[in-house]
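Written out below as structure tokens is the structure these notes cover.
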Amino acid sequence: MEVIHLGAEHSLLNRFVMEMRDVTIQNDRLRFRRNIERVGEVMAYEISKKMTQQVRTVTTPLGEAECSVPQDKVVLATILRAGLPFHHGFLNYFDYCENAFVSAYRKYKDRLNFDIHIEYIASPDITDKVLIISDPMLATGSSMELAYKALLTKGNPKHIHIASIIASQQAVDYIRGVMPDNTTIWIAAIDPTIDEHSYIVPGLGDAGDLAYGEKL
């Protein structure tokens, strides 16, 4: 299993993450969603480098050219609702791919304690395909684990890519312990801890609320 920390490469990606974190800039919902989408586009490009390539010959107006292109069948999956703009970023690049959606939410027992519930899944067959699961925030890793297990009811993928914008170190360690060896984890930023409410610190707040408004 490989963990790829894209933020450590000091690229323009870090500006998108910085704007999402900034308490003033993040209040612009359109810009916040677009920055999530941009990170998805960057990660889609990086993930494509890991895929099996096929050389195809195409005819141009002046002759023929050989082009190396990814040949894997890809399924893009995300966890609703915060994952939607992230998913759109991936879909902008993997526009030919199939899509899957999982609904996961926190069911609180009291102010601090909760369980993660999976309520809805819509997915094609993922057998022998490359599965990319995107969720902008990876706080504990529990939602990602349950989403993956739910998707396994639709087949066994060839390879799994876990994509997140900000993850806690705890979540990265947890995912490494519960996911199979044919998994690659992609992170834009790794933060040191989570608070008593299981929010990433320093993080950026509630990504779903920032993108779409507060929920009741």
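Any Cβ shown, glycine's included, is placed from N, Cα and C.
Copied from Swiss-Prot, the annotated features are:
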BINDING   Arg81, Arg106, Asp135, Pro136, Met137, Leu138, Ala139, Thr140, Gly141, Ser142, Ser143, Asp206  5-phospho-alpha-D-ribose 1-diphosphate binding site
BINDING   Ile200, Gly205, Asp206, Ala207  uracil binding site
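The most densely surrounded of the binding-site residues Gly141, Gly205, judged by C-beta neighbours within 10 angstroms, is Gly141. Of all the binding-site residues given, namely Met137, Gly141, Ser143, those whose Cα is no farther than the 10 Å limit from the Cα of Ala207 (uracil binding site) are Met137.
Ser143 (5-phospho-alpha-D-ribose 1-diphosphate binding site) has a Cβ environment of 22 other Cβ atoms inside 10 Å. Neighbour density at the Cβ, taken as the number of other Cβ atoms within 10 Å, is lowest among the binding-site residues Asp135, Asp206 for Asp206. Listed in chain order, the residues near the uracil site other than Ile200, Gly205, Asp206, Ala207 are Ala82, Met137, Tyr199, Gly203, Leu204, Gly208, Asp209, Leu210, each with its Cβ within 8 Å of the site Cβ centroid. In this structure, the C-alpha atom of Gly205 (uracil binding site) lies 14 angstrom from that of Asp135 (5-phospho-alpha-D-ribose 1-diphosphate binding site).
According to DSSP, Ile200 (uracil binding site) is assigned to a strand segment.
Distance between Cα atoms for Asp206 (uracil binding site) and Met137 (5-phospho-alpha-D-ribose 1-diphosphate binding site): 9 Å, as a whole number. Rounded to the nearest whole angstrom, the C-alpha distance between Met137 (5-phospho-alpha-D-ribose 1-diphosphate binding site) and Ile200 (uracil binding site) is 8.
Ile200 (uracil binding site) sits 11 Å from Gly141 (5-phospho-alpha-D-ribose 1-diphosphate binding site), taking the Cα positions as reference.
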